[in-house]
Amino acid sequence: MGLDLGALALKYTGLAVSDHDSIVAINIFIALLCGCIVFGHLLGGNRWVNESTAALVLGLITGGVILICTKGVNSRILIFSEDIFFIYLLPPIIFNAGFQVKKKQFFRNFATIILFGAAGTLISFVIITFGAMGLFSKLDVGPLELGDYLAIGAIFSATDSVCTLQVLNQDEAPLLYSLVFGEGVVNDATSVVLFNAIQNIDINHFDVFGLLQFIGKFLYLFFTSTVLGVAAGLLSAYIIKKLCFARHSTDREVAIMILMAYLSCMLSMLLDLSGILTVFFCGIVMSHYTWHNVTESSRVTTKHTFATLSFIAEIFLFLYVGMDALDIDKWKLASSSPKKPIALSAVILGLVMVGRAAFVFPLSFLSNLSKKESHPKISFNQQVIIWWAGLMRGAVSIALAYNKFTTSGHTAVRVNAVMITSTIIVVLFSTMVFGLLTKPLINLLIPPRPGTAADISSQSFLDPLTASLLGSDFDVGQLTPQTNLQYLLTMPTRSAHRVWRKFDDKFMRPMFGGRGFVPFVPGSPIERSVHGPGLLGTVTEAEDRS
């Protein structure tokens, strides 16, 4: 990321480089991205290694080669800018998570997901913060203020469940997959909102009133960012439904969806809100309304476009982290030996494990109490997997750490260098070691059923698309005898869902479209709407042969 987009430049010396060198750097990095995809594909057949792990390994190898070529001067071809991460890299990752979410499972387990993703993240944040305040001083890390400890709690509360999701089979374990995926997304949003709220409070005058102000700021950011994302999604649905862009070109439908999604994130950042939360809920609303208002070809195009942008952004970040792990300047500034960053990383990993256990098992017990007898409960083995999935740290933790402890990827303060190197160690160790152990752990706790792979391979490639984007509602199910406590805990969820379905069918869908809406292109007799018993309207589009 040099030039204006994160300083994409070779830094073999301290002097500015030419445009030719910048082009060389860009070519090298693009080639490395392609290599990560090929490397991950070749090693990912057995699901032991994913593209993220492959990017880390390739980044380490590339960093080592550059370090040798530059005689120990540098290990990177890029200079990191955390601002560019939040503007260009994170939005497509989070939007795609909201856009591709399987809403049927997501909203069926919505209360549990929010319990884990929001309340659980706050519990983990408190434990990591107070643990760091008590243990870091014994390691002689350096002078850290209260704001730094709070930021550390937010940084290491952000999880990365990519490795677990790539191993889990959502057809075999739909409940577990939904909980891990949903908690991961809500956790990222909550961690970033926490981090932003911490940056905006006056630490020097932090008292009871300051605590209440912090809580109020957090709730304000959470609510307003969500409302903005929902509003942007509804606006895109209304525009596409009313203007019939497909009358001239389906490209305009795709373009307006992409631009409206990005606009929601930028507008949120302009208003000092949480762009990650805004773009996530914009993705959910777009998949519920906007996606159904476009033609079939646009549906397939948008689905794969958003997934591709998210994939490239995530590989880009992990590749950079691998190269930055060998940044000699940070290691020399942090300590004369790697013992201190490694010891600090071990303490952080221990706090992460304790923080996860402190909420996963108690909140799972509460969630099981609230479930009806007809709904599956979270078994102890599944709770262990949920706990394990949240031990890995990745993109969000790295970006928040750079945002807090560096300026344009550099720092001249020893304690900041210690925190950056420790964060890199935590991310590398958790992603590579915990990631490699994920598959055997899941196979041990949840043995795969025979014949599942054959069943999955026989499905159409459009089945995941219709399952995730069409499956927005869920069955309430029949009532079964419950205890008084179970009835009190499940009644609000059932009632809220019934009210929402009636409101959505009566007011929202007639105005904003959504499932059941068939986009009609005037003057195109080839495009037809197909209606059948139990099926909702779909659109087929043939090429004009005239």
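Each residue, glycine too, has its Cβ placed from N, Cα and C.
Bear in mind that TrEMBL entries carry predicted annotations, made automatically and left uncurated.
Taken from TrEMBL, the feature transmembrane segment applies to 23-43 (among others).
Annotated domain 'Cation/H+ exchanger transmembrane' per TrEMBL: 28-442, in sequence order.
Note on the transmembrane segment (55-73): residues 11-13, 32, 35-36, 39-40, 315, 318-326, 328, 428, 431-432 of its chain, located 6 or more positions outside it, place their CB under 8 angstroms from a CB of the stretch. Marked as transmembrane segment by TrEMBL: 55-73 (among others).
Feature annotation from TrEMBL assigns transmembrane segment to 85-101 (among others).
According to TrEMBL, the feature transmembrane segment maps to 113-137 (among others).
Positions annotated as transmembrane segment by TrEMBL: 218-240 (among others). Beyond the transmembrane segment (218-240), the same-chain residues lying 6 or more positions past its ends with a Cβ under 8 Å from any Cβ of the stretch are 190, 193-194, 196-197, 253, 256-257, 260-261, 263-264, 267-268, 271, 273-275, 277-286, 288-290, 293-294, 511-514.
Residues or ranges marked as transmembrane segment by TrEMBL: 261-286 (among others). Taking Cβ pairs closer than 8 Å, the transmembrane segment (261-286) reaches residues 86-87, 90-91, 94-101, 103, 185, 188-189, 192-193, 196, 200, 221-222, 224-226, 228-230, 232-234, 236-237, 306 in its own chain, all 6 or more past its ends.
Per TrEMBL, transmembrane segment is recorded for 306-323 (among others).
Long-range contacts of the transmembrane segment (343-365) within the same chain: residues 112, 115-116, 119-120, 123-125, 127-128, 131-132, 135-136, 139, 141, 156-157, 378, 383, 386-387, 390-391, 393, 418, 422, 425-426, 429-430, each at least 6 residues beyond the stretch ends and with a Cβ under 8 Å from a Cβ of the stretch. Here TrEMBL flags 343-365 (among others) as transmembrane segment.
Sequence annotations record features per position, and here TrEMBL assigns transmembrane segment to 385-403 (among others).
Residues annotated as transmembrane segment in TrEMBL: 415-437 (among others).
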Winner by Cβ pairs under 8 Å against the transmembrane segment (85-101), considering only 23-43, 306-323, 385-403, 415-437: 306-323
